[in-house]
Amino acid sequence: MATLGAWDYTILAVVLVISVAIGIYYRFVGGKQSTTTEYLLADRSMNVAPVAFSLMASFMSAVTILGVSMENYQYGTMFVLINLSYVLSTPVAAYLIIPVFYRLKTASVYEYLELRFGYATRLAASLSFSLQMVLYMGIVVYAPALALEAVTGLNQVFSIVIVGVVCTFYATLGGMKAVLITDIYQSLLMFAAVFSVIICAWVKAGSLEVIWRVAQENGRINLTNFSVDPTERHTWFTQILGGSATYLAIYGVNQTQVQRLMAVKSLSAARAALWWCLPILCLLSLSTCFSGLCIYWYYRDCDPLLEGRVNSRDQVMPLFVVDTMGEYTGLAGLFVSGIFCASLSTISSIISSLAAVTLEDYLKPLVSCCAKRTLTDRQTLWYSKLLSLFFGALCIGMAFMAGSIGGLLQAALSIFGIIGGPLLGLFTLGMYVTKANEKGAIGGLLISLAFCFWIGFGQPKPPLVSLDMSTAGCPVDRSFARDIFLKTATAVAEEEHFFYLYRISYMWYAALGFLITFFGGWLLSWLFALLKWDNNRRIYQDADCTLIKHDLFVPPIAKRLQRRQMPLLVVTGTSSEIGGITTESAMAPPRLDEIEWEKHKAVA
């Protein structure tokens with residue numbers, strides 16, 4: 001097995017040291033993280049560029065670099081169509097969803113659900129998010145450990161601990177500012193890792209045209225699957241509809257991403273960050289897809305898995321680095337550094353978001369309920385740092401469990417779909433349907449989660465069947481192709497005996513979860529209201545249920561409610577007395593903060 005050289009290890013060490021140094025800088029020099037707002041939201045003072053890079057790096061990480069490249073290597077280019085869903089969904093997130101959250105100015109997006117439905121809904125959603133992130137973090141840390149083991153034989157335990165400790169250190173010490181700034185240079189190294197693969201294959205092949213032609217001749221170029229069969233793994237419908245639901249679940253209502261968007265100065269800056277994230281995200285996705293074709297060109301006559309050199313195709317990309325970049329000093333180290341950075345950026349983001357959710361959704365309400373007091377800003381700051389340490393340690397523990405998960409890309413997107421889809425449906429129900437109530441919303445969420453977990457983790461599932469792989473150029477004594485081909489052929493023949501729901505494409509999980517929560521919650525809300533088991537009084541400002549808090553809804557609906565309620569609304573600041581009778585003008589409805597102030601004055 002090839003090993004990294006001294007320069008490779010030097011590059012990797014420098015990358016890790018820079019991440020640690022940024023955390024130290026933002027603890028003692030660059031703002032000092034002296035308040036909770038500064039620690040969790042970067043004092044709402046960040047520029048667009050670091051937030052845009054961070055939005056990409058938070059989720060499109062080592063799972064992307066290893067998983068997407070192997071997706072195109074094994075199954076062809078249908079997955080690349082998911083980039084169309086990014087383009088279609090970005091305006092939805094920017095102009096419909098983000099404005100609702102930006103009005104709240106809170107560290108946790110789940111506070112919206114308490115304002116809209118009640119604390120029980122907030123708790124159910126934040127617990128679901130926490131479960132989603134805890135499951136995901138294990139895969140993200142496991143990916144670079146897998147890469148290093150394949151490249152150098154370095155102990156996997158050591159790799160996991162290094163990644164976990166470094167990202168926990170700078171995220172805990174430097175807070176959100178450190179996370180956002182490190183994401184910039186870590187994103188650049190991610191691109192460097194992918195482009196090093198493409199350039200190396202380009203040099204060896206002589207031209208990119210040769211790589212494309214070989215992929216086309218061997219069935220890797222496929223963009224014409226328009227099947228409506230939901231059991232088809234990747235089609236135009238799965239990639240656009242399922243991809244849109246997954247994108248909105250991540251970039252629209254996920255705490256990790258919204259927390260970054262809240263770190264900028266204004267709503268227009270948050271929208272700009274989301275729009276600038278789009279080309280960065282698509283560039284990484286497209287280049288990673290093409291890197292898979294480059295790797296296929298190199299191994300077209302001897303697949304490493306069938307040859308027995310690797311145990312999983314998720315290890316083929318690091319193996320390509322060993323086989324082709326060893327002659328270039330430091331290039332393999334640059335690639336491994338990119339894999340490390342991809343995981344560091346994601347884990348640090350997850351740690352920060354889990355700390356924020358635990359503090360805002362669990363700890364503060366618990367202290368308020370049991371101790372009848374509120375935490376001081378200094379106390380919340382220390383609790384935030386302790387929680388960051390805790391989730392960093394939990395991240396390392398979860399990574400050791402991720403080895404049993406096959407297919408990094410599918411595993412990651414399945415987790416986002418199974419939990420993210422129902423959460424997207426819950427937020428959409430609250431933002432679009434004025435008649436929805438808390439019991440209906442929670443009922444829809446629980447039914448959707450149960451269904452998605454059932455079809456997502458139900459067993460047995462049919463094995464994934466790769467496109468044809470060749471072993472014609474492999475040494476005869478090292479090929480295990482015959483046994484594997486026989487096993488695959490048997491599995492395909494028996495596929496029709498698998499339960500239908502277990503055969504549904506993982507790309508539909510988010511869309512199905514969204515639809516079940518939204519329509520199920522809507523129907524249950526209507527039923528509970530009919531039986532007088534619940535109501536939607538929480539959305540009203542007054543006891544007569546005539547004035548709706550329009551800020552709880554997406555801008556088009558909010559404007560319509562505002563226009564409809566104009567003759568009824570009162571603004572005390574414009575009142576005047578005529579003949580001893582107080583008259584008040586019908587003006588634009590008050591904001592949520594003004595409503596709370598009016599309530600405070602009424603109680604006083």
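In case you wondered, yes, glycine gets a Cβ from its N, Cα and C as well.
Note that TrEMBL annotation is computational and uncurated.
Residues or ranges marked as transmembrane segment by TrEMBL: 6-26, 47-68, 80-102, 123-145, 157-176, 188-215, 235-253, 273-299, 334-359, 380-402, 408-433, 506-531 (among others).
If one looks beyond the transmembrane segment (157-176) by at least 6 residues along the same chain, the residues whose Cβ comes under 8 Å of a Cβ in the stretch are 16, 19-20, 22-27, 30, 33, 38-42, 141-142, 144-145, 148-149, 182, 259, 263, 340, 343-344, 347-348, 351-352, 385, 388-389, 391-393, 395-396, 399-400.
Sequence-distant contacts of the transmembrane segment (235-253) (same chain, six or more residues past either end, CB-CB distance under 8 Å): 55, 59, 78-79, 81-82, 84-86, 88-90, 92-93, 97-98, 109, 225-229, 274, 277, 413, 416-417, 420-421, 423-424, 427, 505, 507-511, 513-514. Beyond the transmembrane segment (273-299), the same-chain residues lying 6 or more positions past its ends with a Cβ under 8 Å from any Cβ of the stretch are 48-49, 51-53, 55-56, 60, 64-65, 68-73, 77, 79-80, 82-83, 86-87, 90, 93-94, 98, 187, 190-191, 194-195, 197-198, 200-202, 204-205, 210-212, 214-215, 218, 220, 251, 260-261, 264, 316-317, 320, 323-324. For the transmembrane segment (506-531), the residues of the chain that approach it from at least six positions outside its boundaries are 230, 233-234, 238-239, 241-246, 249, 410, 413-414, 416-426, 428-429, 433, 435-437, 439-441, 443-445, 447-449, 451-452, 455-456, judged by C-beta separation under 8 angstroms.
Long-range contacts of the transmembrane segment (80-102) within its own chain (CB-CB distance under 8 A, at least 6 residues past either end) are made by residues 72, 109, 112, 223, 234, 236, 239-244, 246-248, 251-253, 258, 261-262, 267, 270-271, 274-275, 278, 281-282, 285-286, 289, 427, 431, 551-556. Using the rule of three or more Cβ pairs under 8 Å, pairs at least 6 apart in sequence, the transmembrane segment (188-215) is not in contact with the transmembrane segment (408-433). Sequence-distant neighbours of the transmembrane segment (408-433) (same chain, 6+ residues past either end, Cβ-Cβ under 8 Å): 62-64, 66-68, 70-71, 96-97, 100, 112-113, 116-117, 121, 125, 128-129, 131-132, 135-136, 139-140, 142-143, 242, 245-246, 248-250, 252-254, 314, 441, 444-445, 448-449, 452-453, 456-457, 464, 506-518, 521-522, 525, 552-554, 557.
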